[in-house]
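Taken straight from TrEMBL:
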- Lys43: active site, proton acceptor (ACT_SITE)
- Tyr275: active site, proton acceptor (ACT_SITE)
- Arg141, Met327: substrate binding site (BINDING)
- 254-385: domain 'Alanine racemase C-terminal' (DOMAIN)
- Lys43: N6-(pyridoxal phosphate)lysine (MOD_RES)
Amino acid sequence: MPPRPDVPADVPAVALVDLDAIAHNVRVVRRAVGPAQVMAVVKADAYGHGLVPAARAALAGGATWLGVAHVHEALALRAAGVEADVLAWILTPGTDLLPAVRAGVDVSVSAVWALEQLAGAARAAGRRAGVHLEVDTGMSRGGASPAEWPALLDAVAKHVEAGDVQVRGTWAHFASADVPGDPSVPSQLDAFEAALRAARDHGVDPGLRHHANSAAAFFVPQARYDLVRAGLAVYGLSPAPERATGAELGLRPAMTLAARLAHVRRVPAGAGVSYGLTYTVEHDTTLGLVPVGYGDGVPRHASWDGHRSGEVLVGGARRRIAGRVCMDQVVVDLGDDAAAPGDLALVLGPGDDGEATADDWAAAAGTISWEVVTRIGARVPRRYAGALA
Ligand SMILES: *Cc1c(COP(=O)(O)O)cnc(C)c1O
């Protein structure tokens, strides 16, 4: 295990991102899914890890594609000089697709109107647009429904013939690939196979077939096809920790959220703490102020609820949050231990020193680790570590 990067003393809080861990995690996914390729999903600022540095690290680890939700995320990659294949999969009417086509960004379409919009941009740009066709195989989120699919294919065939678009992929998304034996998984795969047959029947070459997220990449071998879209695993977290922990999968969490105590004080038994005074200290105790709050992504749902709360590692031990998580700060109960302003507080990390992991925070807040890391806010500076930094 590489040493934790130094926590700078000049900022109240910092998110340390280990780029070597990201490259390592992509290698782990590649080994698991090969010969399928890996698309590293870097949407939402790379799940809070920083779009461009994370994308570069993922490419260094062998990802051959990058995936984002919005077209502007793809353009930010291009503006930073990232030239790898990029797919953007959320499109609304009115999105200007000309810059995407000019930049060679592939766009996903689920409907004829979206295809027409892309084909129009391609004609304006004077070059073919790369398109991925999204089909709904049962999640009822994005994607053409089985009823809409034939009409979309007809329109695609026409635009391929006209030289407006090139089909580079056909894809779908799982609802429950993390659940062992869930019947929706084979059902979605059957629907995908039917959609691929229909494409060929309409004279449309489906291009790269992709259906798997991180969970399916590890747990559903028959869903790997030509390419897997891995998000969470790239950042070192398990998509199903109750099934296999990140460590069991060979993954390394890339993010550490560290802070410095901003204030330390002694309070007498009976003192109430934070908004609503929902936490009352039973004995005289020492409280430490950790300068991160829900404005930085610490979940307010991880406030003390009378039984438990999120925990912050200070002075070698996990300390519970005393009372409510505020916008900019939380108070932790240090008991009778010595502490001073400036002491290191590890809020979230790989767990190497006993600090809470993203899975622990997810459990404390009743959410998922995806949300925990993705919400680490823009106010927290990112510092990059590792040979790739
Ligand atoms: C976010 C996303 C992924 C990545 O999912 P993980 O569970 O994080 O691996 C893959 N595909 C699509 C369409 C997504 O929106």
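Note that Cβ sites are derived from N, Cα and C of the backbone, with glycine treated the same way.
What you are looking at is a predicted structure, and each value in this text was computed from that prediction instead of being measured.
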Fill in: Sparsest Cβ surroundings (other CB atoms within 10 Å) among the recorded positions Lys43, Arg141
Arg141
Worksheet, complete the sentence: Tyr275 (active site, proton acceptor) falls, by DSSP collapsed to helix, strand or coil, into helix
Fill in: Pairwise CA distance, Arg141 (substrate binding site) versus Tyr275 (active site, proton acceptor), rounded so that it is a whole Å
39
Discussion item. My understanding is the cutoff is Cβ-Cβ under 8 Å with a sequence separation of 6 or more in the same chain; which residues meet that for Tyr275 (active site, proton acceptor)?
Written reply: Gly323, Arg324, Cys326
Discussion item. According to DSSP, collapsed to three classes, what secondary structure does Lys43 (active site, proton acceptor) have?
Written reply: helix
Discussion item. Is it possible to get the count of other C-beta atoms within 10 angstroms of the C-beta of Met327 (substrate binding site)?
Written reply: 11
Fill in: the domain 'Alanine racemase C-terminal' (254-385) - residue tally per DSSP class, helix then strand then coil
23 helix, 45 strand, 64 coil
Discussion item. If I take the alpha carbons of Met327 (substrate binding site) and Lys43 (active site, proton acceptor), what is the distance between them in whole Å?
Written reply: 25
